[in-house]
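Listed in Swiss-Prot for this protein:
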type     : residues : note
DISULFID : C3-C17   : disulfide bond
DISULFID : C10-C22  : disulfide bond
DISULFID : C16-C29  : disulfide bond
MOD_RES  : F35      : phenylalanine amide
Amino acid sequence: GACRWFLGGCKSTSDCCEHLSCKMGLDYCAWDGTF
């Protein structure tokens, strides 16, 4: 399936697009600090 963009809902980092990570407990994708 499609990856989740910034502030998209997620269950794990693998749900998120490149350079995003799933914020545990908040359940959304946010920048992981990489370029």
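Any Cβ shown, glycine's included, is placed from N, Cα and C.
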Have a look at the recorded positions C3, C16, C29, F35 and say which one has the shortest Cα distance to C22 (disulfide bond).
C29
Near C16 (disulfide bond), which recorded positions out of C3, C10, F35 have their CA within 10 Å?
C3, C10
Starting from the Cβ of C22 (disulfide bond), draw a 10 Å sphere and report how many other Cβ atoms land inside it.
21
Nearest to C10 (disulfide bond) by C-alpha distance, among the recorded positions C3, C17, C29, F35, is C29
Count of other CB atoms lying within 10 Å of the CB belonging to F35 (phenylalanine amide):
4
For C3 (disulfide bond): DSSP state (helix, strand, coil):
coil
DSSP-derived structure type at C22 (disulfide bond), helix or strand or else coil:
strand
Residues near C17 (disulfide bond) in space but at least six apart in sequence (CB under 8 A):
C3, R4, W5, C29
